[in-house]
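If you look up Swiss-Prot, you'll see 169-341 marked as domain 'OBG-type G', on the strength of sequence analysis. According to Swiss-Prot, the GTP binding site annotation covers 175-182, 221-225, 289-292. Positions annotated as region 'Disordered' by Swiss-Prot: 501-521.
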Amino acid sequence: MSLYNFKKIMVVPPAKDFIDIMLSKTQRKTPTVVHKGYKISRIRAFYTRKVKYTQQNFHDRLSQIIQDFPKLDDVHPFYADLMNVLYDKDHYKLALGQLNTARHLVDNVAKDYVRLLKYGDSLYRCKQLKKAALGRMATIMKRQASNLTYLEQVRQHLSRLPTIDPYSRTIIICGFPNVGKSSFINKITRADVEVQPYAFTTKSLYVGHTDYKYLRWQVIDTPGILDHPLEERNVIEMQAITALAHLRACVLYFMDISEQCGHSLEEQVKLFESIKPLFTNKPLILAINKIDILTPEDLPEERRAIITKLQEDKNIPVMLMSTVQETGVMEVKTEACERLLSYRVDQKMRTKKVDNILNRLHVAMPAPRDDKLRAPCIPEKASARLLQNADKAERKRKLEKEIEEEMGDDYTLDLKKNYSEIPEEERYDIIPEFWQGHNIADYIDADIFDKLEELEREEGLREESGVYKVPDMTMDETLKEIREIAKQIRGKRFELRDEKRLSSRKNKPVIPRNKQPKVRDRSVQKLVSTMEGLGVDMSGSENANFTKSVVDLRRGQVAVGSKKVPMQPLLDKESSAVVRKTGQPLKRAPSRDTLGIKNLAIRKKAQIMAKRDIAKKVTSRGLKGEADRFIGTKMPKHLFSGKRGNGKTDRR
């Protein structure tokens with residue numbers, strides 16, 4: 001875990017916003033009403049409070065900014081040098097120093113004007129002193145506009161810096177630009193560093209994390225370094241130099257054997273020699289990358305001699321690798337981690353605290369008193385168990401998955417071959433089938449198939465001889481007539497069913513039966529033709545009952561035979577109900593509004609009086625009409641909720 005968390009630094013507002021925040025806070029958090037009729041001591045206290053409150057807000061906010069930013073003398077030298085490279089140490093200290101000076105100036109302004117407010121003799125004079133005090137504070141902060149802007153940019157950049165723990169196990173990758181450093185860190189960690197085929201793709205430090213031997217390791221990818229004096233290096237290169245100089249880590253120096261990075265092997269070796277002082281007292285590994293393009297054996301003799309010369313130094317291992325084919329990548333990582341672990345242990349052994357740790361562990365070895373060999377006593381059962389376990393370890397059988405991979409499509413899963421408790425000749429016997437507790441095999445005859453063939457042969461002979469042939473039926477005239485009538489009945493039934501289906505499919509409103517009776521499609525002619533088609537003699541049926549008059553309720557017509565004759569209009573005293581064939585009208589009940597009324601004049605007068613009474617009732621009760629039966633809320637909640645106080649009793 002890192003010791004520094006730069007993301008917690010509070011936002012530094014611009015000068016204008018800084019002043020607005022402070023003055024707005026004063027306006028919101030202090031009293032705002034004062035009158036000239038108040039005692040002068042109260043007026044002085046009112047404006048003194050505003051000046052002191054504003055000064056305290058400025059003081060607290062500036063102190064927060066100064067304390068949040070790291071002090072270069074207190075942080076780790078790595079972060080101190082990195083901030084010097086990125087932000088210019090002098091400029092950084094100057095900005096914080098000027099904010100500290102502004103804080104003291106604001107305090108002095110408040111002190112002076114509070115002293116003057118003690119002698120204010122009117123509301124106007126006290127108000128002007130307060131206005132002057134706040135104005136001078138705002139002027140002081142306006143002059144810090146450039147410092148506040150600079151510190152905000154530093155804060156944003158600090159919050160975007162990777163979290164690097166200077167005391168953790170670290171691997172640093174360095175070398176010329178475009179030699180494969182970012183590709184290597186992407187392979188061994190979960191980092192996602194941009195990789196492009198041009199120089200200086202990586203412009204800042206990138207950190208990835210990996211695991212080795214259940215320990216956490218941080219891998220730092222540095223920008224490319226060019227071979228020129230330290231004074232001429234730019235900010236990008238100086239970040240790598242800072243990491244190499246201050247972090248106690250294992251250094252991986254990458255070289256491009258194919259020279260596709262734009263630098264020859266001689267230049268890469270020269271850079272290695274020039275920055276070698278930075279590798280002092282650090283584990284160092286030379287990683288030769290891109291062997292998938294060119295191997296050391298394919299190099300000319302003079303270039304191969306350069307690699308051979310590097311390999312002569314036994315303290316610096318030279319390892320070959322390729323990030324494209326992932327050849328040697330994990331070997332380089334393992335070697336770097338092992339070297340750093342041994343280096344850290346060696347460093348701890350040199351400290352004074354190591355004696356206290358070593359004294360806790362002590363292995364006592366007895367001194368031999370004679371030459372007699374005293375072997376440890378191991379029980380026979382224990383040794384036999386060890387031998388048995390060794391035999392089991394040697395007797396490793398093939399798994400079904402391995403057999404399947406060898407045989408491919410010819411493989412079939414055989415689960416019975418490992419039934420060691422069953423004899424081999426009985427291992428593949430068919431398992432008997434049981435039905436309702438009975439073994440089916442017990443009811444199967446050995447000659448059942450022969451008997452089945454014999455039965456089939458006998459049945460074939462019977463069919464050929466006509467045993468199963470159905471005799472032809474001789475139908476007389478009566479039976480034929482019955483069948484013909486039955487056929488017609490079935491046809492008629494099908495027609496009626498289809499008509500019903502078609503009528504039900506019509507997308508029309510359904511009329512209730514009591515509103516309009518269903519008029520069936522019947523007529524005298526249709527009846528006569530149907531009966532004649534069935535063989536019935538219909539001659540002499542002109543005066544039959546079915547030919548007499550019937551009332552048509554829909555059209556007010558009388559059907560005489562197949563013709564329709566208009567009905568005579570009924571009198572008022574007669575009923576409008578169905579007129580039977582007898583011609584006797586049915587009397588309807590008299591209307592209720594005419595009961596007990598002698599003549600037409602009295603009837604009209606009664607109608608006018610009823611209409612007036614109904615209108616009066618509707619208006620007075622607020623009804624919508626004569627038939628309005630709406631009942632509203634009888635106890636409105638806003639009038640009947642809560643306790644009944646003394647002053648509310650007149651409302652209920």
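Using N, Cα and C of the backbone, Cβ positions are placed for all residues, glycine too.
Look at the Cβ of each of the binding-site residues Ile225, Ile291 and count the other Cβ atoms within 10 Å; the largest number goes with Ile225.
Averaged across the domain 'OBG-type G' (169-341), the predicted model reaches a pLDDT of 81. Scoring each of the binding-site residues (Gly175, Asn178, Lys181, Thr222) by how many neighbouring Cβ atoms lie within 10 Å, the top position goes to Lys181.
In the three-state DSSP scheme, Thr222 (GTP binding site) falls into the coil class.
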